[in-house]
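Undergrad: As annotated in Swiss-Prot:
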- SER18, ASP153, ILE154, GLU155, LYS193, THR194, LYS195, PRO196, THR197, GLN198, LYS229: CTP binding site (BINDING)
- SER19, LEU20, GLY21, LYS22, GLY23, ILE24, ASP76: ATP binding site (BINDING)
- TYR59, GLY363, LEU391, GLY392, MET393, GLN394, GLU414, ARG471: L-glutamine binding site (BINDING)
- ASP76, GLU146: Mg(2+) binding site (BINDING)
- CYS390: active site, nucleophile (ACT_SITE)
- HIS516: active site (ACT_SITE)
- GLU518: active site (ACT_SITE)
Amino acid sequence: MARPKNVKHIFVTGGVISSLGKGILSASLGLLLKSRGLRVAIQKYDPYINVDPGTMSPYQHGEVYVTDDGAETDLDLGHYERFLDEPTSQACNLTMGRVYKSVIDKERRGEYLGGTVQVVPHVIDEIKEKMGDLAKNGSIDVLITEIGGTIGDIESLPFLEAMRQLKLELGEHNLLNIHLTFVPYIKAASELKTKPTQHSVKMLLETGIQPDILVCRSEKPLSREIKNKVGHFCNVHDLDVIGLNDCDTIYEVPLMLLKEQLDLRVMKKLGLKKFREPNLEYWKNFCEKVKHPKDGEITIGICGKYTEYPDAYKSIIESFIHAGASNDVRVLVKMLRAEDAEDPKFDISSAFKGISGLLVAPGFGDRGIEGKVRFVQYARENNIPFFGICLGMQCATIEFARNICDLPDANSTEFNKRTRFPVIDLMEHQKKVKEKGGTMRLGSYPCILKEGSKAHELYGKFLINERHRHRYEFNNQFRKLFEEKGMIFSGTSPNGDLVEIVELKNHRWFVAVQFHPELKSRVQKVHPLFDGFVHAAKEFAQGKRQLSLEVEMPRLSSTEMENAG
């Protein structure tokens, strides 16, 4: 198998427990290497048998991250893009399901010449072939591959075997393994315990892989003594034991790893020389704004269907961090369960207590829809900054149709196929689609903005490109009526057929979009819609505080005023 020359491979694995942050580690290392002038790409390998996460429940998988080319991928790709400010693609996320599907398709076409198809060599060879796809055009120096799951999981074994074989083929100076483990702190003993890390490395060794570098997550910093102990029992040099203790924000991780010299250890082992010193001043400034905002805090409510699991809204939450830093405030998120508002006895005004803005989040299905519509109505009627995304835009138009356009049972045909007023309907090209996976309107599409609109003011240009993931769209039969009643269709597809952005006149800030702007917000490039929304919420909060102060300030009598003078 021909492989591109001079491309260095870094594989990131995890042990002891899940959710240690392999994605953040991979993205942080990528940022450090990029800051030294290296061309870096990152990919994620997931061991589940699904072809992609597009049909998986948000409760199990979290957010589905959509790339420009329309791939439905793991949320870790969002971290890669936000940290490196580089687009990802379908090639950056491989699942075991895609591997097996490809192997079976080849068998059906007779490409194995009648042989018995087995995990070794056929599945392993398929994985190794995919491992080099991103490096084939010679446009990168380093390829970082994050392997999902935890060492010891049976599902990950084919990926690990492929990595083992690849290291033999490429040589130890062209491939290294970084193993992320957990060093728990036992409060009763006031000690950090290394035994779980030792056992995790032992399990990795059973697959034939000796880790080159250990990154140890812990509640408290690792002492030199602890690092020496880990290195001694795990057959790793103590300089290759990297401490990564808990921090206030994930955006501090690159700075912590820089201090621990992870990038230097990686470059030395891979024979990478003569690269510039990293300049992360902008990153340090961003972290300072996140940790110590000049103008305090504001609270924004996220009304959604999956509020018990914040990872379902990962990119939205991260976008609020970016926009908060841009506006010198810390954005606190209050999760608002849409289903709660479907109860007529629910006091919606109490839910808005302390909230300076409302975002109605994406989702699918009719559960909680009437609650979302009710939240939209309250924000519109009380002039509270409002931002709707995807389903949030659809709920905004349903609410407007019912309460402003006098279409009492207006709805989406997704929720009520017999509604008299289908203001949201299935897109024409979707009506013959039967399969669920990978069949929505996915990926980046152009949008034309209306001159003088809020959207045009925020973007500062007429043509934008945004990422989509939907089947339903605004029904143009109702466009004229909506415009007459005060709704502005400020963004459409280039041919004008598809509504992408709606706004309201005479409202402090009311913008709803069919696309997913949260997927394109970056540390250095906060998304203009989130930036504008947080700015409006900040002004709203400051206005409420000023009003509160005026109400609380005692009124002086004329005599008292004269005496004061």
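Just so it is clear, glycine is given a Cβ too, placed from its N, Cα and C backbone atoms.
Any idea what these are sitting next to in the structure?
TA: Its Cβ taken as reference, LYS229 (CTP binding site) is surrounded by 18 other Cβ atoms within 10 Å in the chains shown.
Secondary structure from DSSP puts LYS22 (ATP binding site) in a helix.
Neighbours of MET393 (L-glutamine binding site), defined as other CB atoms within 10 A of its CB across all chains, total 27.
Listed in sequence order, VAL12, LYS22, GLY23, SER26, ILE42, GLN43, LYS44, TYR45, ASP76 are the same-chain residues six or more apart from GLU146 (Mg(2+) binding site) with CB atoms under 8 A from its CB.
DSSP assigns CYS390 (active site, nucleophile) to coil in the three-state reduction, outside any helix or strand. In the shown protein chains, 23 other C-beta atoms lie within 10 A of the C-beta of CYS390 (active site, nucleophile).
All protein chains shown were included, and the count of other CB atoms within 10 Å of the CB of HIS516 (active site) stands at 21.
Under the DSSP three-state reduction, GLU518 (active site) is assigned to helix.
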Undergrad: For the binding-site residues LYS22, ARG471, which Cβ has the most other Cβ atoms within 10 Å, all shown protein chains included?
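TA: Neighbour-count leader: LYS22.
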Undergrad: Measuring Cα to Cα, how far is LYS193 (CTP binding site) from LEU391 (L-glutamine binding site) in Å?
TA: 47
Undergrad: Give me the Cα-Cα distance between HIS516 (active site) and CYS390 (active site, nucleophile), rounded to a whole Å.
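TA: For HIS516 (active site) versus CYS390 (active site, nucleophile), the Cα atoms are 7 Å apart.
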Undergrad: If you count the C-beta atoms lying within 10 Å of each candidate's C-beta, which of the binding-site residues SER18, THR197, GLN394 ends up with the smallest number?
TA: SER18
Undergrad: Given the recorded ATP site (SER19, LEU20, GLY21, LYS22, GLY23, ILE24, ASP76), which additional residues of the same chain have their Cβ within 8 Å of the Cβ centre, ordered by sequence?
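TA: Going along the sequence, the neighbours come out as GLY14, LEU25, SER26, HIS79, GLU146, LEU180.
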